Amino acid sequence: MDFLHTFLKIVSQKLSWVTTDYSIPWKRYVLAFSWGNTLFETYLLLRQYPNYSKTKPPPALANHFTADVFAKSQNYGRDKAKFSLVSGIYSQLLETAILFFGGYAWAWGAAGSVLAYFGYGPEYEIPQSIVWAAILYAMSSIPSLPLEVYRTFVLEEKHGFNKTTPWTFVTDIVKGWFVGLIIGGPFLAAFLAIVRWAGDRFVPWLMGFLCVFQMLMIFIYPNWIQPLFNKLSPLPEGTLRSKIENLASSLKFPLKHLYEIDGSKRSSHSNAYFFGLPWSKHIVIFDTLIKQSAPEEVEAVLAHELGHWYYMHPTKLLTVSQLHLFSILAVFPPFLHSPPLLRSFDFPAAVAAKPPIIVSFMLFQMILAPIETVVGIGMNAISRKFEWEADAFACELPAKVGGAKGKANVDAMADMGDRLGKALIAIHVKNLSTVWVDWLFSAVHHSHPTLTERLKALDEFKMKRKASVKKEL
Ligand SMILES: [Zn+2]
């Protein structure tokens, strides 16, 4: 622990200029970067855009996309790209207005007035921080509502994906605010209380708290939050259920519950995932996926998902995100005591003299944005690598399964790679996914390799497996 604090102290000393230097135009710097980022996003969209004018799918997909489906997917992609372009610029203008007119400082004053109305002064920093966060949330989310309405009821509707009714749409928003308040309020209060109590030695305490919070959410989310939005019901007995149970048991996957989720209530996009603690996992499959694919193909999608578990991808991602979090928090302390930072964002001298923790933290995060963009691109690259591995796992399943029914299992799973390929094609066709993708656009935005890349890799895995089986003979 002492080593850690010595290290953190050195970092703070190196950055001590942050607390005293009034000459750094923090706000201008944040504005410049966010515009730079929006321009870059626009450039990526413009690179991608001509792909929607292609008249034929990539050769590898020629047999799977009919002319009609391909044309539909191109139209859907084009409409989504236009929407991204407009909504990106709109959000940027909104953010610029908030920054330019000192919105963050104004909101802090407004939160103070709300508290004063109830008879509480500025010494009640934590309640004021919660009200401030709520005001900021409203300031950024309410103006974005028209975009959400357009996306759901015009864009998705036009292409046949929207299943949301206006009633569900409105209740979802209200429920979201409610959950945000119930979970977010106490979370923020605990976060601020820890930093205040531990002073500049908050880093390990805060990391510990965030770990505990994430563990708690693994219980809270499926039991109390998700049921507000979706219905999870046990997957009925039948071919699919027994196939998945057999798959899980032959891999010693600690399957506790197997659910079907009514994703079709909002959208006809399809999916499957698992979650839980190391010794007790739950699998959730979208009803849309079950409806559109044969049990053998859904099983192959699950084989891919279990590949993520087998190679401990969630744990690896968690480790990376903890390291990321640690490096952010390690640099934070000098920003915690920086009147110049608050002054640059238009906070009055009286507030800046003793910066509220939440304000410093939010401004600090804005300053980190360029680094976060790079980290995001890196995380996508890691995620794509994990997707390759999970696909390879599904292909190599016959070699990985064994147990009581060893030989029968191996034979039954020999064609898992082909089935996964079929399921992926079906998912992409149903979702009208874009199949022509610019490489730079994909590198920045995609957490999954493209369909063409995945099918090609599945073929290569199959060849490799055949070659190695021959060698064994
Ligand atoms: Zn995956």
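Glycine is no exception: its Cβ is also placed from the backbone N, Cα and C atoms.
In this structure, GLU305 (active site) is part of a helix by DSSP. Counting only same-chain residues six or more apart in sequence, the Cβ atoms lying under 8 angstroms from the Cβ of GLU305 (active site) belong to ALA272, TYR273, PHE274, ILE283, ALA390. For GLU305, the entry in TrEMBL reads active site.
Annotated active site, proton donor per TrEMBL: ASP391, in sequence order. In three-state terms derived from DSSP, ASP391 (active site, proton donor) belongs to a helical segment. Cβ neighbour count for ASP391 (active site, proton donor) (all protein chains, 10 Å cutoff from its Cβ): 25.
Taken from TrEMBL, the feature Zn(2+) binding site applies to HIS304, HIS308, GLU387. For HIS308 (Zn(2+) binding site), the Cβ neighbour count at a 10 Å cut-off comes to 19, with all displayed protein chains included.
Mean predicted confidence for the domain 'CAAX prenyl protease 1 N-terminal' (48-231): the pLDDT average there is 92. Look at TrEMBL and you will find 48-231 tagged as domain 'CAAX prenyl protease 1 N-terminal'.
According to TrEMBL, the domain 'Peptidase M48' annotation covers 235-460.
Within its own chain, the transmembrane segment (97-118) is flanked in space by residues 27, 30-31, 124, 127-129, 131-132, 135-136, 139-140, 342, 345-348, 351, 356, 359, 362-363, which lie at least six positions past its ends and keep a Cβ under 8 Å from the stretch. Annotation source TrEMBL lists transmembrane segment at 97-118 (among others).
The transmembrane segment annotation in TrEMBL covers 130-153 (among others). Remote same-chain partners of the transmembrane segment (130-153), defined as residues 6 or more beyond its termini with a Cβ less than 8 Å from a stretch Cβ, comprise 83, 87, 90-91, 94-95, 98, 103-104, 107-108, 110-111, 114-115, 162, 164, 166, 169, 173, 180-181, 184-185, 188-189, 358-359, 362.
Positions annotated as transmembrane segment by TrEMBL: 174-196 (among others).
Annotation source TrEMBL lists transmembrane segment at 202-221 (among others). Residues 1, 4, 8, 183, 187, 190-191, 194-195, 275-277, 318, 322, 325-326, 329-330, 333 of the same chain lie 6+ residues outside the transmembrane segment (202-221) yet bring a C-beta within less than 8 angstroms of a C-beta in it.
What TrEMBL records for 317-336 (among others) is transmembrane segment.
If you look up TrEMBL, you'll see 356-377 (among others) marked as transmembrane segment.
Each residue in GLU305, GLY307, HIS313, PHE386, GLU389, ALA390, ASP391, PHE393, ALA394 lies on the same chain as HIS304, HIS308, GLU387 and has a C-beta within 8 Å of the C-beta centroid of that Zn(2+) site, without being one of the site residues. Tertiary neighbourhood of the transmembrane segment (317-336): same-chain residues 7-8, 11-12, 15-16, 18-19, 195, 200, 202-203, 206-207, 210-211, 214, 355, 357, 360-361, 363-364, 367-368, 375, 379, 382-383, 386, selected by CB-CB distance under 8 Å and a gap of 6+ residues from either end. Same-chain residues lying 6 or more positions outside the transmembrane segment (356-377) and placing a CB less than 8 Å from one of its CB atoms are 26, 29-30, 33-34, 37, 104, 108, 125, 128-129, 132-133, 136, 188, 192, 195-196, 324, 328, 332, 335-338, 341-342, 345, 347, 443-444. Using a 10 Å Cβ-Cβ cutoff, GLU387 (Zn(2+) binding site) registers 21 neighbours.
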